[in-house]
Amino acid sequence: MVKPAAPTKQKSLADDDLLKLEKMELSDDEDDFQYTNVDVMDDDDDDDEADFQTVLRNLNKEKDVSSTEKAPSPVFKGQSGSGGSNIPSRTISTQVRPSVVDDFIRNFLIKISMPRTLDVFNTEWYELMAKGKLKEEDIGIVPDIYLRNQSLDDQVKALRKQLDETKKITEKAKGTWDKFRHQRDVHKMHHQRVVQEKNSLMDKIKKLRKNIAAYEPLLSELRTKYEVAMKEKMLMRLERDRFMAKTDALEAQVRALEQKDSKGSTSKSSPAKSSGLKKTKKGDTKLPTENAPNPNADKTFDPVQIKRVELVKVFQGHQNSIAAVAFHPKNPVLATVSDDETWKLWSIPTCELIMSGEGHRDWIAGIEFHPRGTHIATSSGDNTIKIWDFVSASCTLTLQDHAHPVWESAFHHDGDFLASASMDHTCKLWDLNTGKCRKTFRGHVDSVNSVCFQPYTVNICTGSGDKTISIWDIRSGLCVQTFYGHQNTCNSVAFSTAGDTIASCDADGFIKLWDVRMVAERATIDGGQQPLNSVAFDKSGQVVVAASDDGMIKMCNARTFEYVSDLKGHDGPVQSVKFDPVGRYIASASSDCTFRLWT
């Protein structure tokens with residue numbers, strides 16, 4: 001049996017170097033290790049010593065580099081190598097680096113007591129290192145368990161900190177949740193109380209509805225009585241006006257009879273009828289021979305404040321498009337006609353229905369009040385004009401001589417005659433006492449769309465689809481003057497109160513003002529690109545309004561000839577627009593089945 005031999009010089013140096021790399025202190029007691037003699041040739045001592053010196057220099061270089069990266073480590077004394085060279089003692093500050101692979105293997109072999117294997121590993125390792133066959137990037141390192149433990153410890157601390165924060169948040173959330181739960185209970189209690197109050201109110205509402213249902217018949221009866229009373233009141237006013245007119249006519253006849261010589265022949269003409277008319281021997285009403293003085297010619301009226309006009313009332317008065325509106329000459333009453341073949345009278349500004357009538361067999365296009373306010377005339381698509389009496393609430397006269405639909409009609413200022421404009425290219429003058437057509441005015445080559453009397457004269461004005469405006473003398477039936485200037489169909493004409501200016505509008509959206517005395521065009525006002533259907537003057541003659549297909553009412557200044565503003569509100573084309581006799585209201589009718597009051 002071979003006794004353990006002392007370790008060789010090479011092994012001692014390698015172990016010493018290993019101890020320095022691992023920064024571990026080995027016990028001086030070497031009884032735990034078994035050593036055996038290794039036969040080494042004497043010729044190899046020099047080579048081994050040279051190899052060891054090379055390895056030692058490499059290790060020293062690695063220590064110098066690692067001293068700047070690692071934490072301080074215990075101080076080791078240098079040891080003399082073979083050949084009697086000494087390494088001076090020095091203090092080196094290093095930091096712990098992860099173990100390299102070869103150190104890890106050495107430690108492992110030492111731990112399991114395999115010295116011979118360790119010697120063989122060292123010999124072969126250093127040979128390869130000396131020959132340069134081992135590259136640093138190929139060797140790698142072994143993770144340091146202490147650094148990993150430190151990292152895990154830091155993670156544990158961070159997780160504990162997060163856990164503490166989470167506990168705090170949880171406690172806070174729990175407090176908030178308790179608060180919300182308390183609020184929920186409070187709201188639930190209030191909700192239950194509100195439900196109880198709601199049920200109580202519902203019971204009361206049911207009782208009130210029962211009471212209202214019980215009062216409904218009484219309210220309906222009272223409403224009917226009120227409407228009847230209002231109707232009777234309006235009829236009484238109209239009848240009063242009628243009797244006053246008859247009284248005035250009789251008084252005039254009495255005065256005329258008293259002035260005549262008793263010896264002369266006295267004309268015994270019968271008293272006038274409801275309209276106070278005089279007849280010729282043949283029974284026809286005598287045509288006026290000259291113009292009457294215009295009481296408004298020298299008067300000055302305040303113009304409408306265009307920028308202050310605003311909507312007062314909107315009312316759906318018919319089941320179909322409303323074609324025209326007209327104001328009563330004395331009372332606050334508005335008349336409307338519609339494509340539903342009916343006409344209606346409304347009180348303003350409340351817009352309560354007073355009276356309605358039907359009798360036409362087709363749509364109604366125009367309506368006009370008698371100057372005394374006792375009758376209305378309606379023109380229709382059934383080629384007729386009907387005269388309606390308010391007192392009897394019935395149609396008293398039907399004028400039928402036109403061959404095509406009648407668009408408009410207009411009363412003479414004394415109420416004896418009516419002019420009508422028709423699609424048959426003619427305008428007719430009717431005697432209201434006999435119901436006969438006295439004159440037919442021919443000259444237009446297209447539909448006559450509008451007609452009006454020049455105030456307190458014997459002239460009528462017509463606007464036609466042939467783009468012209470004509471003035472006719474009702475005595476001769478001849479055209480006195482024709483105005484040219486429109487480039488499209490003329491839809492409406494109107495005289496100013498003084499009778500010296502005509503306003504007309506056409507399908508191109510233009511409003512034209514004409515001077516009757518100078519027989520010339522005064523101005524052209526652009527009212528937009530949509531057709532204009534109706535035009536009207538205010539009482540002062542300084543403001544002109546026009547109804548447009550774009551659903552707006554165009555307001556213009558007749559003195560400065562400027563387009564000022566729009567009245568917006570209708571949802572469809574505006575078919576008609578009128579000023580009331582006082583100048584307080586503007587009424588407009590539209591295809592949206594409504595009429596509107598503006599002030």
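Note: Cβ is positioned from N, Cα and C throughout, glycine not excepted.
Automatic, uncurated: that is what TrEMBL annotation is.
What TrEMBL says about this protein:
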| type | residues | note |
| --- | --- | --- |
| REGION | 30-49 | region 'Disordered' |
| COMPBIAS | 40-49 | compositional bias 'Acidic residues' |
| REGION | 59-91 | region 'Disordered' |
| COILED | 149-211 | coiled coil |
| REGION | 256-300 | region 'Disordered' |
| COMPBIAS | 264-275 | compositional bias 'Low complexity' |
| REPEAT | 315-356 | repeat 'WD' |
| REPEAT | 357-398 | repeat 'WD' |
| REPEAT | 399-440 | repeat 'WD' |
| REPEAT | 441-482 | repeat 'WD' |
| REPEAT | 483-517 | repeat 'WD' |
| REPEAT | 567-599 | repeat 'WD' |
Distant-in-sequence neighbours of the repeat 'WD' (567-599), which means Cβ under 8 A and at least six residues beyond its ends: 301-302, 304, 309-327, 329-330, 332, 334, 336, 338, 348-349, 351, 530, 533-540, 545-553, 555
Which residue counts does DSSP yield for the repeat 'WD' (567-599) in the helix, strand and coil classes, in that order? 0 helix, 18 strand, 15 coil
For the repeat 'WD' (399-440), the mean pLDDT of the predicted model: 96
Based on DSSP, tally up the residues of the repeat 'WD' (441-482) by helix, strand and coil. 0 helix, 25 strand, 17 coil
Residue counts in helix (H, G, I), strand (E, B) and coil for the repeat 'WD' (483-517), per DSSP? 0 helix, 20 strand, 15 coil
May I have the DSSP-based helix, strand and coil counts for the residues of the repeat 'WD' (315-356)? 0 helix, 25 strand, 17 coil
